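Engineer: Next up is a structure, given as structure tokens.
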Amino acid sequence: LPICANGSTNCHQIPLDDLFERVVKLAHRIHSLTSDMFNEFDERYAQGRGFISRAINNCHTSSLTTPEDKEQAQKFHHDDLLRLVMKVLRSWNDPLLQLVSEVPQGIGEAPGTILWKVTEVEDQTKQLIEGMEKILGRMHPNGLDNEVLSLWPMPMAMHAGDGSKLFAFYNLLHCFRRDSFKIDSYLKLLRCRLFHEGGC
């Protein structure tokens, strides 16, 4: 479901709390899809290969300082959390584009469910970025310092051996599952903090 059903020009007519509700639902949907996709890939391709031990702390977004749990996130000002959500989201533009283009070639026998989910996640992440940009524009009409970082170091080595290709896919899915959970959690906390009285 698009953040702004009648196009971006209609966003100014939607209450800010409603916009926030929409991005929270979209972020949760993305995390759910990503978790399903990772679990399917893990079960089908990664069993017995020891990928998880190699994937820990091997994400291209690891250089970003992010709160690890709700208690840590509570210590962040809401503007800092908004900036962080945008940094993490934008850092996934290139990796998701490559996943969409490379999965059919890199995993020729990949089931249609994985191919569909990769495309769906990439499309919905674009929608989420658009929704967050609308929210930031409403909350900070004069702009919010939000530099765009290029954290994606290089394309995956798609012509390497099968094990290396599979690990490259596994690692990306593992990392996006981790980051999509953080985005989902931070947005739920922000919604609660900004619009719900009585504490979070």
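In case you wondered, yes, glycine gets a Cβ from its N, Cα and C as well.
For Cys4-Cys11, Cys59-Cys175, Cys192-Cys200, the entry in Swiss-Prot reads disulfide bond.
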Engineer: Look up Cys59 (disulfide bond) in the DSSP assignment and reduce it to helix, strand or coil.
Structural biologist: coil
Engineer: By the count of other Cβ atoms within 10 Å, pick out the sparsest of the disulfide-bonded residues Cys59, Cys175, Cys192.
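Structural biologist: Each of the disulfide-bonded residues Cys59, Cys175, Cys192 was scored; lowest Cβ tally within 10 Å is Cys192.
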Engineer: Cα-Cα, whole number of Å: Cys192 (disulfide bond) versus Cys175 (disulfide bond)?
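Structural biologist: If we compare the Cα positions of Cys192 (disulfide bond) and Cys175 (disulfide bond), the gap is 26 Å.
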Engineer: What three-state class does DSSP give Cys192 (disulfide bond)?
Structural biologist: helix
